[in-house]
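Step one of this worksheet: look at the structure below.
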Amino acid sequence: MQRRIMGIETEFGVTCTFHGHRRLSPDEVARYLFRRVVSWGRSSNVFLRNGARLYLDVGSHPEYATAECDSLVQLVTHDRAGEWVLEDLLVDAEQRLADEGIGGDIYLFKNNTDSAGNSYGCHENYLIVRAGEFSRISDVLLPFLVTRQLICGAGKVLQTPKAATYCLSQRAEHIWEGVSSATTRSRPIINTRDEPHADAEKYRRLHVIVGDSNMSETTTMLKVGTAALVLEMIESGVAFRDFSLDNPIRAIREVSHDVTGRRPVRLAGGRQASALDIQREYYTRAVEHLQTREPNAQIEQVVDLWGRQLDAVESQDFAKVDTEIDWVIKRKLFQRYQDRYDMELSHPKIAQLDLAYHDIKRGRGIFDLLQRKGLAARVTTDEEIAEAVDQPPQTTRARLRGEFISAAQEAGRDFTVDWVHLKLNDQAQRTVLCKDPFRAVDERVKRLIASM
């Protein structure tokens, strides 16, 4: 499948402080954030005009699920649009607090762990064909996903009883199973719950919940681009060396704790391989696969960065990728700070920087400041993100949903939508079922809109 439907769901950490002290509980902050949403949507679970879903997840975490996208840059742009949508709610909520005489600064963090050790996720969705063994896909994909943090981790300072250590991934410490149907209780790497949001006879949806939330646009593109490419290779019958892991959960932590990528992890049958070895295998197959697939500039950009990052890890010289990979950008920031102020990694100021890197408020968040200074590379523009806040992707089913929502809101009509249904809540209860996520034009939807 060279054209694939993809989406990213991001849960955001939330807090409210006043002069540095916590002001409101996460529950209370979430209520202020969603008050405007509830006022027009009559719910804290809504679909937006750009086709995305916005809702309050378990544990007061606002969650944004992008609309269905069919290209990497489109997905990165719509993922960034989610940050802007949430930032808009943040500004509105702060104003409400001020109006009520409460005051306080609200922070939304696009990260995966809070100071209390709770974890929240960034889930990737990939449409895959129903034909073929799911077990083969997960067998080949698992070693790739366990070691992928080497190329696209968000980076984190982990405080241990002995000392502070810099890790590749925020999420790795919180994953407890390889493949499972649960998402919150056991936190697997691949979630097998079969909700395709499409024609179930043709497709299934691969739900990957091991990834970090990325601030860097280039890292997000690398994360989803490499996974989509590995899926494409599996579907094409590409043969990979067997890197089945003896214990994926132990391996994911071992990989996260080793920025050199060289520490051996145990494979099934007692063999060993490093994260670098495993990633090199998938990368080498990808380079070969590019010779046989249709040319695609975005995929070629992904494979180029993949190779440069593996070279950087091998040589431990990150100069050629230090504006493109989250964990590298963040580590460089910390190292500069430590050198300038003669500071240990365990210093509270570093922990503060670690958090501020993920602050999504423009002009305040550290990643945003780095990006403005040209210290973080981009694949999209502010103009394209602004458009994605209001407009759905024009090449997928999201366009139908977005146009239906816009028309119903403008006509003052009561409606219900989900990923596959568009329904007018009138006497006739007219409903259109959109089972094909690749289809951006549908006469039935046009007629439904015209009838308003």
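Our numbering is plain: 1 for the first residue shown, then up by one each step along the chain.
Using N, Cα and C of the backbone, Cβ positions are placed for all residues, glycine too.
Copied from Swiss-Prot, the annotated features are:
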{"type": "ACT_SITE", "residues": "ASP57", "note": "active site, proton acceptor"}
{"type": "BINDING", "residues": "GLU9, TYR55, GLU63", "note": "Mg(2+) binding site"}
{"type": "BINDING", "residues": "ARG53, THR66, TRP419", "note": "ATP binding site"}
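Sequence features annotated in Swiss-Prot and their locations in the structure.
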residue : record                       : contacts (Cβ under 8 Å, 6+ apart)
GLU9    : Mg(2+) binding site          : GLU63, TYR64, ALA65, THR66, GLY121, CYS122, HIS123, ASN125
ARG53   : ATP binding site             : ASN45, VAL46, PHE47, TYR64, ALA65, TRP419
TYR55   : Mg(2+) binding site          : SER44, ASN45, VAL46, PRO62, GLU63, ALA65
ASP57   : active site, proton acceptor : GLU11, GLU63, TYR120
Report the largest Cα to Cα distance, in Å and rounded to a whole number, among the residues ARG53, THR66, TRP419 that the record lists as binding ATP. 11
Taking 10 A as the limit, how many CB atoms besides its own sit near the CB of TRP419 (ATP binding site)? 21
Take the Cβ of GLU63 (Mg(2+) binding site) and count every other Cβ within 10 Å, whichever protein chain it belongs to. 20
Cβ-centroid neighbourhood (8 Å) of the Mg(2+) site, GLU9, TYR55, GLU63 excluded: THR10, GLU11, ARG53, LEU54, ASP57, PRO62, TYR64, ALA65
Where does THR66 (ATP binding site) sit by DSSP, helix, strand or coil? coil
Relative to the Cβ position of THR66 (ATP binding site), how many further Cβ atoms are located within 10 Å? 28
